[in-house]
Amino acid sequence: MKYLPQGIIVDHKLFSFADFLLQMARMFQLIFIKQINSRIFTIIMVTLVCFIHSNLYDQNIIEPDTCVSAIDFTKQENNQTCKDKLEETYKIEFYNYYQCMIIMLMGYTISIVSSLTFGSLIKVFKNEHRNGWHSAGVSYWSVVIVRLIDFTILALHATALIYFLIDHTFIDDGYFNWYRFANFFLFVWMFFFYIQSVGQLFSVVFSNNFEVALAIAGISYAPLDFNNGYFFPYNYIYNSSSKMISDIVGTKIIRNGLINAFYGIDQCEPNQISSVLLDNEINQETVYTDLYKILINSIALRILTLFLLMTKFQSWKFPSKKLSKTSNITELSEIDYDNSNNKSIQTLIQSNERIKLEDETEFEKFSKNKIIIAWRSLSLFNSGSYLELRSALKLEEPKYILRNLNGQFRFGTLNALMGTSGAGKTSLLKVLNGRDKTRLSSETKFYLSKFTPLRTCYITQEISSHLTPGLTAQQSLIYASKLKNLGESIDHKNNALSMLKELEIIDTADTLVDKCSGGQRKRLALALELMSLRMPNFICIDEPTSGLDSNSAEVIISCLRKMSHKHNITIVAAIHQPNTEMLMFFDQIYILSRGGVCIFSGPPSQISDHLHQVSTDHDNNDEKFAVEEIMKYSSLNHSDPQIKTLSDSTNQSTISNELEDHLMTDTQYVLDGPHANRTRFSLRSVVILIQRQFYFYIGNLMSRFFILWFICFSVVNGFILKNLTNPNMIFLSGCMSLDEDLSNCNRSEDERTNLLLNCHYIHHCQDSLGIIACIFFVAMFVSQRKLFKIEHRNGWYSSGAFYLSKAVCEMLIALPVIVLFPIAVDIYYPIRSYVWYYMIMIIILPMIAFQGVSYALSILFGSNPLNLYISIPALLLLSISSIMTPHGISHYAFKLITTFNIFRYQIEAIYFLVYGFGRCGHREIQVLLYRIGLTHDEQFYHSIMMTAINAILYQTIALSLFCFYHNPFQNRRKRIERIEYRNQRKLPSNVMIPGLSCSNNFIIRQIQV
């Protein structure tokens, strides 16, 4: 054997053109066939928002004639009155808003979509690359090219929306101008290419947590949007460093190209030029050549992304230093096992062993071998129905998951639910836990123990969803004990240590749950559910041995057996392929075949006798061979004759007279079956959840990073906005005497522009903060939704308790932003020193509304990250665009949007702080406030009141959706009663009323008077 000082060298596969073509075909199929629903949703959402956005403006915003002489810019070619000039100025501004909002929507959407689509594939590519499937370059470039094709289609769609929603053919005398359309498409495509590079970079940097990558990609687009020049023209940026940043970012080039595509192409005569191009300092000669800056930025970002990707894939081959052949033994120190501390812990645990009450001990003896749950004629359809009861006997060719199952489980037993993949093991576990009731046939009957209520618990195969990251094993159990034993006077710490000892994982007490091994995590998930003084008496566990070696799997099963027998708990574990030794731990085996039929139910020792009905092989007497043989039968379809024989035999033995007698003695028929766990709202639960939530934020690395990113970026974002403005613009009061004509044109262009820029500054401060906050709240809410579903389903707490604790915790996290952001963006201190203080008070209520909107979107679209993170900018930018049009002149159909707009009232309140309350003198009005319909200072208090109403409204909507979604109506008994009542109303009546009866032979008689 040869000594390898550098260890085993992995030769990664080099770039191959054949691999590249194969991967391209694979990506085409994935993106354009498998994920077609996401593509359609994206296009529909973008189209809907752009359609509503375009209808907020009049079609005549493209009518102004902006051409002036190219020789003497001050000379107007058309005679205009002052009023006409003001109207054209407003139309130009609105067209600017029209383009700006569509670009903003597409920017946030492309940044998030590119991060999601690339980030979701990185782990797959990493494993394939490590196993020698293809090179890192093949993975990267195949995705990039296919995604470029996808984005090209989306860019073409966005260009068509820009061009046709506001009919640009009007300026070309009703003809479609291909050159103008091509210019729009060129700059939109380059914009998509650039933003895609940004999104893919974040997906690689945060590849370990793609949800964080999505959120940060969305949040980080904000500075690119600030510097595109729509709201803050480059020539009005005051700070030189901000100008340099704008030059580096380069998004103003896209804006210049889009403005030129409308105002610079086929608009003016050869000796004329558009005044809009002059005002924005857009040079038509360099508008195309400047695109090289976008190209350089995009290529640099993509090279950096590829470099980071190859680093993560470990594609680089660097010679490592030789390892030292000798070790300094003198440096090794003796291990201190700290035996004394271990003894003290053992003593502490032993002193708190759970002592069973006499009644509990007597009930365990009484209930031994008694049935806790039974089911007869259980059939499960593949789809649910709320409007009718479906019979498994009357339907023609019904699609089943489970077919005519009969069985029962007894108190204090460990039961194995076995079968091939797709046999219906998980579906049966869910049914036994009170779920999927609308998919059951009308013949299904449940029998529950008449001696004690059924307390169910379900442990999923995905154990990570049961554990709270950032907590140690001991902390997790302590909080579980507190939540499950509200009002009980017990020592939660000793209770947790006792359970850890009982499950033989006491050594993990101070270990973070993320660092525990797979077997330890599975036992820890079981311990969490057993922390209640009134333990669940019926526990279903899905695949407890998956992903474990044989020794670890045997330890898990032995622990389950010990707990079931010691605490009189019925445990049902779905096992895929156990060995014979492990199978002997179980008291009863329930085996399903493909198609959802039961082919064996009984002790494992009876399997060989059961197989004699279909096989005469004498080797079946061997227990090991019998287990393997029956697992082979379980892979056969339900229509196989041998499977029918085994199934019929099992059903006959299950519903034998002796067992039916026990069934009637031990249980009672319950039409609704097992009930789902429901826990009432408790403020104690809220307090405990808040404490646990902060341990999660502190202990989990990604949560800490994301919270820090949210706080720091929000404040830095405020400083970026502040440096884009001229601080002297705040001294313009915008006041006008009532004796003047409101349509006078005596104001200078700089004065009017600075007033407009101040308006843009107020809008953008609140808009950007709202978008960043919403993305933050969504990411935080979705991150723990799986944990909530499991704990809520197992009866830890109510949905309202979780919602309230989550809302309180995240509002406390947002408090630094609420305080620091107004300070960062305050440019009004020289004229009004109190603005920042009142802005803090004003921002609190909209932040609550943002949280409610975010939670509502998470509830509606949380199952699909792409749809969720597209809906956020779509909804928020729709709200932003609607406030660009004053409420008084909005179309009637959109007044409701502006009435409950989450941005409108806080912006109006800030307008009052800056321009209202005596800013103008006697017989003067403030032009900006007058323009948007704010004529009295008392409207400030109305704005505050409406902000509070919005906060309550959106939180109420989110809470209602949350409770409705996680407390579905599945009361089978009441549903059956309603359906039967409705069906009886439809039946013909057999009641005979004297004098109103008739015969089949009608005789018409003529009555003479």
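Placement of Cβ uses the backbone N, Cα and C atoms for every residue, glycine included.
Feature annotation (TrEMBL): of 15-35, 36-56, 582-602, the stretch labelled transmembrane segment is 36-56. Sequence-distant contacts of the transmembrane segment (140-166) (same chain, six or more residues past either end, CB-CB distance under 8 Å): 20, 23-24, 26-28, 31-32, 39, 42-43, 46-47, 50-51, 53-54, 57, 59, 61-62, 95, 98-99, 102, 106, 110, 114, 117-118, 121, 180-181, 184-185, 188-189, 191-193, 196, 200, 258, 302, 305-306, 309.
Sequence-remote contacts of a segment are chain residues at least 6 beyond its ends whose Cβ falls under 8 Å from one of its Cβ atoms, and for the transmembrane segment (761-782) they are 108, 211-212, 214-215, 218-219, 222, 225-226, 231-232, 703, 706, 710, 713-714, 717-718, 721, 724-725, 806, 810, 814, 817, 821, 825, 827, 843, 846-847, 850-851, 853-855, 857-858, 862, 865, 868-869, 872-873, 876, 880, 883-884, 902-903, 906-907, 910-911, 914.
Taking Cβ pairs closer than 8 Å, the transmembrane segment (202-224) reaches residues 107-108, 111-112, 114-116, 118-120, 122-123, 195, 245, 249, 251, 305, 308-309, 312, 702, 705-706, 709-710, 713, 717, 720, 768, 771-772, 775-776, 778-779, 782-783, 865, 869, 872-873 in its own chain, all 6 or more past its ends. This prediction places the mean pLDDT of the domain 'ABC transporter' (387-619) at 87. Tertiary proximity for the transmembrane segment (96-119) is limited to same-chain residues at least six positions away from its ends with a CB under 8 Å from its CB atoms, namely 31, 42, 46, 49-50, 53-54, 57, 61, 143, 147, 151, 154, 158, 161-162, 166, 188, 191-192, 195-196, 198-200, 202-204, 206-207, 210, 213-214, 217-218, 220-221, 224-225, 228, 230-231, 254-255, 258-259, 262, 771, 865-866, 869-870, 872-874, 877, 880-881, 884.
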